[in-house]
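K.L.:
From TrEMBL, for reference:
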DOMAIN    1-125  domain 'DUF4240'
REGION    143-163  region 'Disordered'
Amino acid sequence: MKHSQFWQIIAQSLAAADGDAETQLDTLRDALDALPADDILAFDRLFHFYHQRADRGLLWGAAYLIGGGCSDDGFMDFRGWLVARGQEVYEAALANPDSLADVPAVVEGDDGQIEGFLYLAGDAWLDKTDSDSETFYELVNQLPAGDDAPPPLPDDNGPEWEDDDLDALFPRLAALLEEA
């Protein structure tokens, strides 16, 4: 699966859900159910490629501010939610986490800590194949990220932060959340 196809599936599911993350879980699952089993594997590989790519310290700080706290598991869920917001929001957040202040779901109070996105493709593949999760993960882990994968991000994760630093690091998010 090309990265452009991956992002198209995400965009279509987001549009069909009118931006609502909980509804998008259903629309994305429907889209995955319509794919052949091999494409579901490829989708999951790319989903987790982008999920891992978003494992950035400053992004965790933004997630912490948005959610009023964010554990390790919460940040995993947040990154899944971020990928599901689409390529434009995702890339903007990686470049500048404060850009999340422009995301309608954040403006409306969504904390982005929704677990379901991480498991959708696996569940769809298991239902389609009647196989087991061990086989699923073995197959997914054998897949390359693809020739059209974006280049690696720099190792610089940004400055270490404490709770008291977040308003200064993310002034737009802080102002938005203060109004809420």
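Cβ coordinates are placed from backbone N, Cα and C, and glycine is handled just like the others.
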K.L.:
Going along the chain, which residues at least six beyond the ends of the region 'Disordered' (143-163) come within the CB cut-off of under 8 Å?
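P.N.:
For the region 'Disordered' (143-163), the far contacts come to 1-4, 41-42, 45-46, 49, 53, 56-58, 61, 64, 94, 169.
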K.L.:
What is the pLDDT of the domain 'DUF4240' (1-125) when averaged and given as a whole number?
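P.N.:
Mean pLDDT for the domain 'DUF4240' (1-125): 95.
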